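Each remark here refers to the structure printed beneath this line.
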Amino acid sequence: MAIEKTLSILKPDAVKNNITGKINSYIESSGLKIIAQKMMLLTKKQAELFYEIHKDRPFFGELVEFMTSGSVIVQVLVGENAVSKYRQIMGATNPKQADKGTIRGDFADDISENRVHGSDSLENARKEIAFFFAECELV
């Protein structure tokens, strides 16, 4: 099994509702390790660049507005098959379809405020990690 890194973002709704510790517990209980973490307030420009892949989708403006509405916590997770493992822990994008025992299944109610973001591929994980972290921050 491959040791991988992936990006996690605890979105403004997770920070606002004070459930970041609970989410971190789900992450760590799965065997993934948090090797870098910082709280930040995304600028509109940062959010637009990060979610650029969605720029032509009807929800893009709402997504950017939401992601800049409060603090987020960006994290780098490491472990065996970290990308797919974290996606399993997060649960389905739509919380109504997410299994109980997943972050979204247990803590989210709405697809537009679904608590967390996780990289969807190893290639995107590398890009997303580099967007937020310098190599020297990954210890």
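For all residues, glycine too, the Cβ spot is worked out from N, Cα and C.
As recorded in Swiss-Prot:
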ACT_SITE  His117  active site, pros-phosphohistidine intermediate
BINDING   Lys11, Phe59, Arg87, Thr93, Arg104, Asn114  ATP binding site
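Shown on the structure are the features that Swiss-Prot records.
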residue : record           : DSSP class
Lys11   : ATP binding site : coil
Phe59   : ATP binding site : coil
Arg87   : ATP binding site : helix
Thr93   : ATP binding site : coil
Arg104  : ATP binding site : helix
Asn114  : ATP binding site : coil
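Sorted by the number of other CB atoms within 10 A, the binding-site residues Thr93, Asn114 start with Thr93, the lowest. Residue annotation for ATP gives Lys11, Phe59, Arg87, Thr93, Arg104, Asn114. The furthest Cα pair among them is separated by 21 Å. Every protein chain shown contributes to the tally, and the Cβ of Phe59 (ATP binding site) ends up with 12 other Cβ atoms within 10 Å. Distance from the CA of His117 (active site, pros-phosphohistidine intermediate) to the CA of Arg87 (ATP binding site) is 9 Å. Arg104 (ATP binding site) sits 10 Å from the residue listed as 'active site, pros-phosphohistidine intermediate', taking the Cα positions as reference. Cβ-based neighbour count (10 Å, all protein chains) for Arg87 (ATP binding site) stands at 18.
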